[in-house]
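Student: Below are the features listed in TrEMBL for this protein:
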type	residues	note
ACT_SITE	Y508	active site, proton donor/acceptor
BINDING	164-170, 246-249, 298-304	FAD binding site
BINDING	R445	substrate binding site
DOMAIN	132-314	domain 'FAD-binding PCMH-type'
SITE	R349	site 'Important for enzyme activity'
Amino acid sequence: VFPETFPIRFLLCEIAHAKQEILKWNGWGYSDTRFLFNKKGQAEFTGKRYRLSGMIIPALQNWFEGTFGASVQHKSPPILTSSAVQPPTLNEAFVDELKSTGIPCSHDAEDRVFRGHGHCLHEVFALREGKVGRVPDIVVWPNCHNDVVKIVELACKHNVCLIPYGGGTSVSSALECPPEETRCIVSLDTSQMNRILWIDEKNLTAHVEAGIVGQELERLLNESGYCTGHEPDSMEFSSLGGWVATRASGMKKNIYGNIEDLVVHVKMVTPQGVIEKGCQCPRMSTGPDIHHFIMGSEGTLGVVTEVTMKIRPMPEYQKYGSVVFPNFEQGVACLREVAKQRCAPASIRLMDNEQFKFGHALKPQVSSIFTSFLDGLKKFYITKFKGFDPDRLCVATLLFEGDREKVLQHEKQVYDIAAKFGGLAAGEDNGQRGYMLTFVIAYLRDLGMDYYVIGESFETSVPWDRVLDICRNVKARIIQECKDKGVQFSPLSTCRVTQTYDAGACVYFYFAFNYRGLSDPVHVYEQVEHAAREEILANGGSLSHHHGVGKLRKEWMRETISDVGMGMLKSVKNYVDPKNIFGNRNLI
């Protein structure tokens, strides 16, 4: 509880605007960071937060215009007015009791809108057009586990709807407020629950509050010489609780594991009380694992408040690398062999040819004539001397980390395997740049929307013997669907293999198109994405690998987990939350 003399409104502003001052409310990432085309038509990446920041990207305009039939002269018009935010539907009895607890809350329009959406294309597109739909009626900021217990108890008492909010990076419509919800909707923002409560160096575990953002978690652990190694693409903004709630995966899962491999203990507040295991041991044989009701629950059962995670000493040595293959088929065969021999580096990702060209277009202006000369030699060697077709070759980016001597041995093993499949080492710089681009690529969607181009990414996991088929068929389906739906320009349809397993791989698709001439581009986009998801399932892929289900994909849940599986989920929901207090309507 804060001292009575502390100005409570100032406190609310400080908490509420900590994110809003540095993050965009209607686009991806930091407010000071964006791609733009300057008056000379050259692309720039603004800000100071990334290696690419402040640099000119000379090839991006030609790639952008050539790929989409777009023009930097044709900018989509700015929105001059926005629809008013509907006044909040407040449950006065709930608000009065909440205020008596001293837990900060706000029904300011800006606070509500900021927490009323994730980052699906349709959500961001609507905000950019000034359209604001149903948003939370009130935002509340618990400071600890006990605050969450109080909030949930009050929500049950007064029958209000709670929607947990972590980093806001959802791409499954999970944060959208159901328009049919008539109760007061409360956004439970966990951002103030951001502390490491303890580090156990003997057992290599850390007990952490669930609202902490990934980047901050790693920074704090690094100060003590440790890391989790969990690096999803969104780690700058996504929260630990969000990772647990969506069954997240990171780029370095080959060494550190996915979130389910890292979690030792979870505490979650539900309408029936707190759920957690009785001890923090590495494994239990005590019936079904209750953690697996919590992981992937997507805010439907309760709020994750505290997590005990495995940690590792920071790696002694880190080395990037890259390999060029003559074609995608040989690249996939190499990744399969690496997985079979169980020698995958921390990260190994294979881009198809379209994505290779996309990555090449993002190369910053070369400051040195010598560097430019070397790049030319490499390109000449690969395409002329080795006979690689520039329109078929593909690239794998690599990241090794650990003990220096072991890393060097590991590196040799992987490159030897790559050579058997026609792969040529393509240097550390390309590997490091490829890894770095993971964090800036999301900013390109905002640039696209400035020039009538919309796009999205989605993912799946698939058995090894279906990887090539699913990549080929889904990309072809996207192209055909765009043509059938009246898209006048050829779309970008591309993919990469991002994570490998014994029995299969994760495949990440990107698609985008120029929507000029379409009266309802978002509807067309949603039809194309829906068809692509149908194609994935028809080709033996999963509904999701790590993005989760939310409301966007829940129509396929029954065929994914069976009628009995759906019945089990609903039974758990009905027992834990009979009044549907956690009423975001995700999953079921």
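Cβ coordinates are placed from backbone N, Cα and C, and glycine is handled just like the others.
Heads up, TrEMBL stuff is auto-annotated, nobody curated it.
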Student: Are there any residues at least 6 positions away along the chain from A248 (FAD binding site) with a Cβ closer than 8 Å to its Cβ? List them or say none.
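Tutor: Within the chain, A248 (FAD binding site) has Cβ neighbours under 8 Å at H230, P232, S238, G242, N258, I259, H546.
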Student: Of the recorded positions P164, S170, G299, G302, R349, which one has its Cα closest to the Cα of Y508 (active site, proton donor/acceptor)?
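Tutor: When the Cα distances are compared, R349 comes out closest.
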Student: Give me the long-range Cβ neighbours of G302 (FAD binding site): same chain, 6+ apart, Cβ under 8 Å, in sequence order.
Tutor: V152, M268, V269, T270, P271, I275, I294, V576, D577, F582
Student: How many Å separate the Cα atoms of the residue listed as 'substrate binding site' and P164 (FAD binding site)?
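Tutor: Each residue's Cα considered, the residue listed as 'substrate binding site' and P164 (FAD binding site) end up 26 Å apart.
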Student: Please report the distance from the Cα of R349 (site 'Important for enzyme activity') to the Cα of G299 (FAD binding site), rounded to the nearest angstrom.
Tutor: 31
Student: Tell me which residues of the chain lie with their Cβ under 8 angstroms from that of G299 (FAD binding site), as long as they are six or more apart in sequence?
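Tutor: Looking at Cβ-Cβ distances below 8 Å from G299 (FAD binding site), excluding near sequence neighbours, one finds I163, P164, A174, A245, F582, N584, N586.
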Student: Could you say which of the binding-site residues P164, G167 has its Cβ with the most other Cβ atoms inside 10 Å?
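Tutor: The residue with the most neighbouring Cβ atoms within 10 Å is P164.
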